[in-house]
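To start, the structure itself, in C-alpha cells.
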Amino acid sequence: GRKDSVWSLGDGQPPEDLDKQIETPPLSTLLIEKPQTTSINVGGDASFIAKVEAKDLLRKPTIKWFKGKWMDLASKTGKHLQLKESFDRFTKIHTFEMHFIKAKADYSGNYRCEVTYKDKFDSCSFDFEVKGQSHSIALSAAALHCSFTHCFCGACVCEDAGELDFSGLLKHREPKQEEVPEVDVWEILKNARPDQYEKIAFMYGITDLRGLLKRLKKTKKEEKKSEAFAKKLEPAYQVDKGGKIRLVVELADPTVELKWYKNGQEIRPTPKYIFEHKGTQRIMVINNCSKNDDAAYSVRAGDEKCSTELFVKELPVNIVKELEPVNTTVNERIELECEVSEEGAQVRWLKNGVEVQTGARSRYRIKSEGTKHLLIIDDATREDSGTYSLMATGGTSQAKVKVDLKPLKIIQDLSDITIRLGQPLKLHCEISPGNVPGRWYRNGQAIQAIERINILQRARNHRLEIESSVIADAGDYTFVPEGYTQKLSAHVHIIDPPRVHLDRLNFPDNTVTIVAGNKLRLEVPISGEPAPRVVWMKGERVSLDCPGSNQGGSCSACGVEKSTDCQDLVPKNNYLDEILTCIKMDCLLSDIPDPPEAPLVTEVGGDWCFMSWSPPHYDGGSPILGYFIERKKKQSSRWMRLNFDLCKETTFEPKKMIEGVPYEVRIFAVNAIGVSKPSEPSKSFVPLAVTSEPTMLVVDEVTDTTVTMKWRPPDTIGAAGLDGYMLEWCLEGSDEWIPANKELVEKTKYTITGLPTEGKILVRVMAINAAGASQPRTTQHAILVKEVVEAPKIRVPRHLKQTYIRKVGEAVNLVVPFVGKPRPKVTWLKEEQIVEPSQVSIRNTDCDSIFFIRKAERKHSGKYQMSVQVEKHVDTAILDIQIVDLPGPPQAVKIDEVWGVNVALDWTPPKDNGNAPITGYTIQKADKKTMEWYTCIEHYHRTCITIPDLVVGNEYFFRVYSENMCGLSESATVTKDSALIVKEGLNLKIPDYNEYDFTEAPKFTQPLINTFAVAGYNTRLNCSVRANPRPKVMWMKNKIIILDDPRYRMFSNQGVCTLEIRKPSPYDGGVYTCKAINDLGEAQVECKLEVKGGMNFSDLLHRGVPLHLIDKFMNESKLPEPEKK
C-alpha cells in the first residue's frame, strides 16, 4: 500500500469501524520483556524491544506494532521507521525491535505491541514522546495543516518532506506546489455539521480525517442548555452513616413528570424515601442512610436525565473502655472485656498479633452484649499468657495476660517401704492443687504404664501400683509434679527368702510318669536372696550335696547326674533357715493313645457345624488330656488344625466354613506321652444357612373371606437358594398358627382363603430352602377380614380429554384406568344405548377398561359414555371419538366470468366433508387440445378464485379437489363449459358494484373454556374474536384488569387471543375474562381456571402475592372438605 509521508497522527479506529468492537483473544503471558516508555528530542533516534520465550512454542509467534488503536505500522516502514526480528537458538528467545530514526515532533503518542500464537495472546502499551525545539514551534501552525494533507507547501517543505511519498517518486516528477489556503480549518469544522466533515476534508485535501476529528473532540465544547432542568444534581454527594440527605433538582417546566431511580430501579415513596415539591424544586429525602444507600441515583424529567453518586461515610468505631491486664493462675477463668462506641460493631481479637481462632474445638469463646465485647477462656493454662488486643475501625486496645502455676502444697508425702518378692507394691502421695499431672521415676528413669504397672490420678491423689513385685522393682522412686521444681521421693526394698517353686513343674501330685527306657531329668526352680545351699536326697539317703548357689542336680533311672540349671532341694539361706521339700517320684510306663472313632456331624449351619465323638478304647496308660480337631474340603488333601488349645470335651463346633462347600473332619487324642494317630474322616457334609426373613410384608387386598398378601424376597438368600414361601395365619389373641398353603409358593403374592368374616387375623411368611425355614416376618397389626368399599374413580388419560381422531381403517385401542373396590361394574354407552359387542370389543380388568376397534368406520364416531359403579357409587366419563375419511368432490364448479387472460371460478363445498372440516381446495387447469392437467393453486380456502395469466387463444377446462386432514378427495369436479381466452380489442362491460361494508362489532367465534391447571406448569387460555376495525383486547381476573404483571403474557395473532400464566399457583385460580372493544361495540367471554397442587407460604411470598391474600388462601386451604353423602 501507499506509504504516507506523515503517518503518526492516524490513531484510533477507521470511521467505518467506530461502532465495531475489537475482538481479541484472552490475555496470556507471552512477553518476557516489554517495550518501555521513552522520551527523546526531535531528530533523535529511539528503539523499542520486545522479547518472547519460545520453549513451549512450535513456530514463530506473530507480532504487530500499532500506533493508537488501529494504525498498523507494518505498512509505514521506511527511512524513519524500521522493524527487525531475530532468534537466539541457545536461549530460544525471539527478539522484535522497532527503530525510529530522526524522529519528528508528530511521532509522539501511545503505541501498542501485540503478540499472538494460536489461542494465546499478549499485549503491551507504551508511550513515545518527542520533545519539540524552537524551529518546530515556529512551523507548528503550518505543519498542523500539512500533517493532514499530501501537499508540500513552501512553509513546511524540508529535506524529509518527500522521502516517504513513494507514489511521487514513482511518477518521476516533482510534486506541484500549491499555496496553502488562508482559511482556519478548525473553525470550519467546529461550526460544521457532522455530515459535512467528509466534504470539508475533500475540499481542503485532508487525508487523515480520523486524527483531525479526534483532536477536534478534545477541544472544549459548549454545554447545551437543558430544556427540562433549570438546575441539575451535583456530580456527587456525601453523607454520614445514619444521617439524612436531600437531593434537589429545579425544573424548567413544573408540569413535566419526574421519576427518581436508584441503580436503574425506580424509587417508590416509602418512609425511607420522601418526595417533596417546593415550587419548581423537586426534592428526594433519604432518611437513616446505610451502606445499601451508597449507589448511583438519577432523575428523569421527560426525555432528559441527570445523575449523581451518593457516598455513605461509615463512622469509625472507637474504644470506650480499654482492656485491663489479668494476672491469674492455671485452671482459672479469664474474661477480657472491652466496650466500643457502637452496638453490633465488627471487631477482631488478636493474641500476640495473631487473630484468635474460634469454633467448636477452640478454647476461646467470643461474646458480645450490646457495645461490650468479651473474650472468655474457661480453663486457663500457662500457654494462654501473652498480649491480647481488640481491634476496631477507630482504634486498638491491648492488655497483658499472665497465667502462673498455683503454689504446691504437699498433703501426704511418699514413704519408704520394704516388701516381699511377689507382693503388690503401692506408692501414694497427695498434693494441692488438684488435677496437676506428674511423672514417676525409678532410679532416675521415667516409669511408663504397662500391663503390671498402673499409674493413677484422682484429683489431688497420685498412685503407683505394681501388681507383683520383682527384684528389679527395688530402688529410689520419685514423683515430679508437672510445672513445679519440687519432687517427692521414697526408697523401696524387696526381700526374697529361699523357696522351691514346685508349682512350675506341672506334675500332678508330684508324680512323674515316663516311658520305660527313657532318661529322666528333673529341673526344679528355686529362688532366694542370697543364693541358698541345695541338697538332693533319695529317701533318707543324701544323694548329692550342692553347696553353691548356682549348682543343682538331675535324677534319672540309672542314678544322679549333675546339672547347672535348677535344683530339687534342701536349701540353706543366709538366715540359717532350712526348708525341706519332698518329691515323690513314681515311674510309670506309658504310650500314646489309640485313635478315636470317626466323628459324627449332628447339626449344620451356614458356616458352622456341631460334631461329637467317643473317647479312644485305649488311653496309652495315661489319662487323655484332650483332643485336636482338623478339617478339610472334600476335594482337597490339605488338613487344617482348628484348635491350638486342647479340647477337653468330646464335642466341638467348627466355624468359619464356606457355605455350600462339602467338608470332612477328623480327631486326634492327646495324653501325656503324645498325640495319637488321626481318626477316620467323618461323612462329608455341606454347611448351609437358612435365608433371612422376607421383607415388606403388606396387605394387597381384602375381601369378606380372603386376604391377599404380598412381600419381597429376603435380603440374604445364601448358597442353599430359595425353594419357596410358607404362609401361616392365626386369630388375634391366639398362638395357634394355621398353614395357609399346603405347597410352597414361589411367587411373592398369595391369597389366603377360607377366613372368618369380620375376624381379625395376624399373618406371617417364612422363606424355605434346603437348610430349613427362615425367621418369620409377621404383620405389625391385625387385619380385619372385611372388604373395604372404595368409591370408583375414572382416571381419563390426558389425550382422551380432547376429541380422539382416527382415520377410516385404522385401529382404535383405548385404555381407560379406574380405581374402586370391590371390583367395579363397567358399562359403555353410545347415545344412551349399550355398545354392541359386534361393533366394539371391550375387555375389563380390575383396574382398567380396554376399548378396541380393529378397523374403524365412520359410523363408530360419536360420544361414548363410560360408567364405573361400586354399589351405590357411580363415576362417569365421556370420550369423544371422531373417525375421519377423505372428503367428496366440490359441487357445481362453474366458470363465473372470463375477461382478458383471467377466468373467475365459483363452486360450493362438498356434501361429504369426510367427517372433518374442509381445510382447502386444489384447482387445476387443462388445455382443451391436450387435456393435460396442471395445478394452479393448492390449499386454497375460499370457494371462488380468479385464475390469471392464461394464454390468449387457448380454451381451458378447470377442475377442483376438496381437501381435509386426511388428504385430497378421490375425484374432482370438472367445469361443464370451457373458457376461451379471446384476443385483445374486445370491450368488456364492467358491472357496477356497491361497496361492501366490512365493519363489524366484536364477536367471539371461539369462547374461553374452563380449564384445570397443575401448579408450577405454564398454562394458556385461548379464544378467537372477529371485528373490524381491529378491537382492543383486555384480560381480567375476577373482574380486575391485568396490567404489567410479569406472571402473565398476552398474545394476539390473526384474531386469536392468548393469555399465558407462568407457573401458576392455587392463588392464580379464579374467573378470567377476555374483553374486546372497538368503535362499533364490545364483547366478552369468560372461563374458570382451577389450579391443582398446593404451594406453601414461602412460594406464594416469593411470587409477590400480597400478605392479606396469602393469609386468606392459607385459611381456605386449611378448611375441612364437606363430607360426601
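Placed from the backbone N, Cα and C atoms, the Cβ positions cover glycine too.
Features reported for this protein in TrEMBL:
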type   : residues  : note
REGION : 1-21      : region 'Disordered'
DOMAIN : 316-402   : domain 'Ig-like'
DOMAIN : 407-478   : domain 'Ig-like'
DOMAIN : 595-694   : domain 'Fibronectin type-III'
DOMAIN : 695-788   : domain 'Fibronectin type-III'
DOMAIN : 889-985   : domain 'Fibronectin type-III'
DOMAIN : 1002-1090 : domain 'Ig-like'
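Summarised by DSSP class, the composition of the domain 'Ig-like' (407-478) is 3 helix, 39 strand, 30 coil. With DSSP states grouped into helix (H, G, I), strand (E, B) and coil, the domain 'Fibronectin type-III' (595-694) comes out at 0 helix, 35 strand, 65 coil.
Confidence in the domain 'Ig-like' (316-402), given as mean pLDDT, stands at 88. Applying DSSP to the domain 'Ig-like' (316-402) sorts its residues as follows: 3 helix, 47 strand, 37 coil. In the domain 'Fibronectin type-III' (695-788), helix, strand and coil residues by DSSP number 0 helix, 45 strand, 49 coil.
Broken down with DSSP, the domain 'Fibronectin type-III' (889-985) shows 0 helix, 52 strand, 45 coil. For the domain 'Ig-like' (1002-1090), the number of residues in each DSSP class (helix H, G, I; strand E, B; coil) is 3 helix, 58 strand, 28 coil.
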